[in-house]
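Novice: Copying in the features that TrEMBL gives for the protein in this structure:
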type	residues	note
TRANSMEM	B:15-36	transmembrane segment
TRANSMEM	B:48-71	transmembrane segment
TRANSMEM	B:101-120	transmembrane segment
TRANSMEM	B:127-145	transmembrane segment
TRANSMEM	B:165-184	transmembrane segment
TRANSMEM	B:213-232	transmembrane segment
TRANSMEM	B:252-282	transmembrane segment
TRANSMEM	B:294-313	transmembrane segment
Amino acid sequence: NRGEDAGQKVTLAVSTLNNPFFVDLRDGAEDAAEELGIELDVVDAQNDSATQANQLATSASDGSAGVIVNAVDSAAAGSALGPVVDAGLPVVAVDRAVEGAEVASLVASDNVAGGEQAAKALAEAVGGKGQIVILEGVPGASSTNERGEGFTKGLAEFPEIEVVAQQTAQYDRATALDVTTNLLEGNPDIVGVLAMNDEMALGAIQALGARAGEDIHVVGFDGTEDGFAAVEDGKLYATIAQNPEELGRQSVEVMSKVLAGEEVEELQNVAVDTVTVENVEEFSD
Amino acid sequence: MNAAAKQRHFDLKSFLANNGALVGLVVLCIALWIATPHFLTGPNLMNIGIQVSTIAVMAFGLTFVIVAAGIDLSVGSVAALSAMVSAYWTTTAGLPDGVSILVGLAVGAVSGLVTGMMSAYGKLPTFIASLAMLTIVRGLTLVVSDGRPISTSESVSFLGSNLGPVPMPIIVMVVTGLIAAFVLNRTIIGKNAFAVGGNTEAARLSGIPVKRVLVTVFAISGLFAGLAGMLLAGRLDSAQPTLATGYELDAIAAVVIGGASLAGGVGRISGTLVGALVLAVIRNGLNLLSVSSFWQQVVIGVVIALAVGFDVIRRKNVRH
Amino acid sequence: MNAAAKQRHFDLKSFLANNGALVGLVVLCIALWIATPHFLTGPNLMNIGIQVSTIAVMAFGLTFVIVAAGIDLSVGSVAALSAMVSAYWTTTAGLPDGVSILVGLAVGAVSGLVTGMMSAYGKLPTFIASLAMLTIVRGLTLVVSDGRPISTSESVSFLGSNLGPVPMPIIVMVVTGLIAAFVLNRTIIGKNAFAVGGNTEAARLSGIPVKRVLVTVFAISGLFAGLAGMLLAGRLDSAQPTLATGYELDAIAAVVIGGASLAGGVGRISGTLVGALVLAVIRNGLNLLSVSSFWQQVVIGVVIALAVGFDVIRRKNVRH
Amino acid sequence: MSPQPMLTLDSVSKSFGRIQVIHNVTVDVYPGEVTVLLGENGAGKSTLIKMIAGVHQPTSGRILLDGEPVSITDTKTSESLGIATIHQELNLVPSMTVAENITLGRTPRRFGVINRAEMRRIARDALAQIGLDLDVDTHVGELGIARQQLVEIAKALSLDARILILDEPTAALTTSEIEALFDVVRDLKAKNVGMVFISHHLDEIAAIGDRVNVLRDGGFVAQVPATTDEDELIRLMVGRSIDKQFPREPGASTGDAEAAQPLLEVKGLNADGLRGIDLSVRPGEVVALAGLMGAGRTELLRCLAGADHYASGEVRVNVRKLKPYDVAAATRAGVGHVPEDRKTQGLVLDASVAENIGYATMGATSRFGLVDRRGQRARAERIAERLRIRMDSIEQPIRSLSGGNQQKAVFGRWFSAGSKVLLLDEPTRGVDVGAKVEIYELINEITAGGGCVLMASSDLPEVLGMSDRVLVMSQGTIAGELPTAEATQDSIMQLAVSNVHRDEEEPHAASAGTGDEGATA
Ligand SMILES: Nc1ncnc2c1ncn2[C@@H]1O[C@H](COP(=O)(O)OP(=O)(O)OP(=O)(O)O)[C@@H](O)[C@H]1O
Ligand SMILES: Nc1ncnc2c1ncn2[C@@H]1O[C@H](COP(=O)(O)OP(=O)(O)OP(=O)(O)O)[C@@H](O)[C@H]1O
Ligand SMILES: O[C@@H]1[C@H](O)[C@H](O)CO[C@H]1O
Ligand SMILES: [Mg+2]
Ligand SMILES: [Mg+2]
């Protein structure tokens, strides 16, 4: 019972819109949809896999012609897509991979590679030695795990860098402020903070006050507007810029090709860039 | 004979009186049926059935605690720990799948038992005891899983799949709902919960073992939460460390929308089911209507208030 | 004269009796002082003071609702909306900064007022009314902000900064704490809240305007939540759409740890402050001790249970 | 003459914290006898029996059962020793049915599954014992306090205990229910059940008591036979004699009562269970509302006080119409209401005595929103002294006061508020003879000052002794009016049952209460 005009409506299932990153992703997707004459139905799982499973099941029966999924969790999304796959709808994954389900294409930047780049950038900033702390994302979230993996890889090359504390700040700016403040008490000699996203990096900067960018360097991840601004101010040494708008835009473009029956790449890589004060102008607007 | 007839008559009345949100639910369904052709379709109703199952099963158990005038904030976390330990048991530790569901249920029941003991013997307010368990159990889930999802065992995955044309979650929900209703209304466990919640002092003076009742209702709540967690993980084929985070508020809301009072002494399993359905139908309907996700939250709040409000208006009309 | 002396004596005793978690807090502090040299330092204590301020201010307002036997789940969301609207007012809409704090406070008070009216006149259980507001208000925050952070006005940022050597959040917390304690204990608003919470029917039959009392306590709760939100945003120089998500449980926990009962009729501002401090000190201490984030949650839960448990043991000793 | 005591409280004492409330008291209970405990409010009667019931443990002393020392650590133990207790305060679960309440704690079941038929049977049998015909599936919360008290009694009787303790079971009952209860007591005596009975109605002691233990200030005063005359009992109990139990002095303006403008006027009031109520009370008057249980007295007072909705009709105070269903408005108009159940409707149990007395004046005396703490306290202290409320401190939670003292506090609230129209629902329930006189004198003061009182009372001597006129209610209507001077217990009862008989001929008029009156009349 799909719409007569196949290709009309596409569901974009976003993991959360409480985060500027995904808001940008959605904006990119909406722009592309408008250009291509696609009706885009955005649903927000508020970071809950089960909510997303519910939304995906609903999209299988609500007249959508295809589903773009930004998985809350890669592993869980596989079976959650079952009803969509059963209904014969094409699926495009964006930002995060989907395990255990056939997708037409994955439009993503690489979190592990990005994590590695972030670690290297911080190492460069601190001159390859000294004590650092890591601010982790939501425990158990796939991006937390993947970036952590990347951090470990990246730091492996710098034996003189010591990770003295590794604590979660839930991807949240306010939490990061408190956690960093507290960590500083126990570890007054740190030279760097490696944060799994910009929100936490900005919270850390707030906690560091004048020391940020002077004797303690901070590296974030995402490339949000606030992040770029902090880079320009010299407070944030670097952020790993994903291009969420581009992720969103390309995911819709790929979906439109799939619906038109065209061939698409299995993996569509969107560049991840290390943004520092050197190149920030190219990114911020 | 007359009394018996009266009795049957009364039961119908009290069913309606205790399932007031039913009116809200029906109004909601009619509105959605008018608003979108996708709502009243077989597959969509099946979806709703599956989607409501986790919260419903969790809320069935929670009904016991609330009837006994307690509150259990740990149900979401307990669901996650049960699912995780059961997945660990088979997938990571390689132990026999045959009992993996039992392992999950045991984890749930024991977690509830501990909350109940903290509250009955440690004299902690149930809010605090269960809040403490919320974070303890979530922490343990992260420890067991090392923060990574673990694939569920085949039996647990089966819980999330279909049995012929009928989804297992719906079957499980119906069966556990009937059991819960039976235990709550027909057994001494349920009666004691009502007595303790209705007037703890009177219950104590009548020789009801108040502490044991508290421990029992929390164990039941944990047991159901554990099952709910496995249902959910089974649907995802994966136990996630963040599984069911924040579900406690939805589960409590389902029980309260269903007519129970947080002051204790009142509550019905059928009401709880209606409460859970109200929440699930709202979410499903808003997805179908493609309401923007920011406004969706606003609308959900308004509809919850209205659905419960309908009940209040109806009850006022009945009283006078 | 004798009576007056007796009275003063009683006040000290009742302070201790009502601030039982104080013992838990002291034990906690001693343990941390032994465990890490970084705990008992001036700067760290200052940190704790700043970190506790948001939850404490929020919980001060919430104490009124809980004393009146209600519950307010919306405080976290209201904090976010107030901060967001106040930031929008100046930063996005370019309206005069001078009143931006007042705008935020007004948003908070009105949100609370609406919850109170839903509950008093709409007859919704406060759990449901405030749960509905939780999602409505969070949705509105997202709508206002379009999901993105907005920089706070200078006045709000000032709330998060230092006044000379003393952090503003601590000043605000102390001042509002004193005001809250005064209003709760000395004014008709507070006394009415105690009466309504202690026995609503008896209060009503004594001519106390129960509905107006309910609306008032929720408005107070919203007002304090709004201020707490701006304090937090001021510290971040930015109002975030996710600000204070989930803080409601912490705030309720602070009030309950501080000796209030969710059944109503009991509660103290000083107790609430102690409750908030217990939570803040636990988090601070665990950060200082670099406990792994998985185990941290387990430990937080255990320590909450113990801190409240201490109170229970102490009270038992006093009773007999 | 007496056999061995079956139960002995042997030199028991009891302290709460620093305060000792029972000093070395010994009480014996004999099979087939009714041992009466007599004493003023707060003398320690309830505390004493709570030691038998397993609620409190004695601080010192022993409890002997059949001569053997026993330790009664909880209520379950007490029950298993064959002791059943009817506590002074109701201990029922309002959200549960009559049948569930009667079988509470020993619900009949097989393999944990409740046998509902058996449960109802037990309940019906228990109710039949005291002649109460009530649907056992009714929720207890829907019943008036008198019926709740009867359910409580039925619950205790159904235990078939060897020892039965009755702590003021008659306080809430009307004459006919009390008679039914006493029939059961006599029956139990014949079955050799030992009983302990507490009441502030001295006539009841003579009716069923055997020996009387008098307590004063937690100490033992004397043991006397139940045949001892009332004045002597009062003297033993109070330590002085009381000249006038009913010191009614007609109010200031009763002289030309007919002429005076009514202070309270009700016209055509219809409500749940009330039909066409017209009445007026003039300044200086005390009007009593008499009637059988469930006649509608409580409901009428609640409507007048603004506590309940009414369907039609109007209520005027001092000519001005009262806003319906608004207690605050009624309070402002000078109406004060002492509800029938102090525990659920009258008191904030965890608040202090001072606060409980002060609720009605708190708003009016506040300035700029600030509570007048000193004034509130002074007013509370004055009234507490006046009513001789026995307590340790005015700041003590009212929960720890004895039942009668709690009742005095509820009355005191409205007296200190200076209410002009007092609506009293069983105002002296559980109050001792001495304190009753104080309450009556306060009533006199109010009427002397131009106020008026409408008082529902099941205590016919009180009705006859304290009112100027009697309105007799029956089946939700006012069945008739009698000037007190001409009224007798018989003439009141005749009016009270007048409608009941008519209803029996009209099957359609089977209102909720009909069956009960039919059975108890
Ligand atoms: N839990 C308690 N804590 C402190 N004091 C108490 C407590 N219980 C009772 N008391 C005090 O003990 C005394 C005796 O109370 P009790 O209830 O036994 O009196 P009573 O003789 O039954 O009076 P009444 O006729 O009013 O029922 C009172 O002064 C009362 O205030
Ligand atoms: N058979 C019944 N079943 C349930 N409720 C009843 C029954 N009869 C009366 N009631 C209710 O119980 C209450 C008893 O009436 P009410 O208390 O006004 O009478 P009363 O004359 O004051 O008698 P009481 O001595 O019981 O207080 C009323 O609220 C009435 O609606
Ligand atoms: O890539 C995104 C962002 O970094 C966000 O901050 C957290 O979730 C990740 O998937
Ligand atoms: Mg007594
Ligand atoms: Mg009555």
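Glycine residues also receive a Cβ, built from the backbone N, Cα and C atoms like all the rest.
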Novice: By a Cβ-Cβ criterion of under 8 Å, what residues six or more beyond either terminus of the transmembrane segment (B:127-145) are in contact with it?
Specialist: 70-74, 76-78, 80-81, 84-85, 88, 111, 114-116, 118-119, 218, 239, 241, 243, 245, 248
Novice: Quick one: find which recorded stretch in B:48-71, B:101-120, B:213-232, B:294-313 has the most Cβ pairs under 8 Å with the transmembrane segment (B:252-282).
Specialist: B:48-71
Novice: What stretch in B:48-71, B:101-120, B:165-184, B:294-313 has the biggest tally of Cβ pairs under 8 Å against the transmembrane segment (B:213-232)?
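Specialist: Highest pair count goes to B:101-120.
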Novice: Who are the long-range neighbours of the transmembrane segment (B:294-313) in its own chain, taking Cβ under 8 Å and residues 6 or more past its ends?
Specialist: 20-21, 23-25, 27-28, 253, 256-257, 259, 278-279, 282-283, 286
Novice: Using Cβ atoms and a strict cutoff of less than 8 Å, what residues sit near the transmembrane segment (B:165-184) while being 6 or more residues removed from its termini?
Specialist: 46, 49-50, 52-54, 56-57, 60-61, 63-64, 67, 158-159, 190, 193, 220, 224, 227, 231, 234-235, 267-270, 273
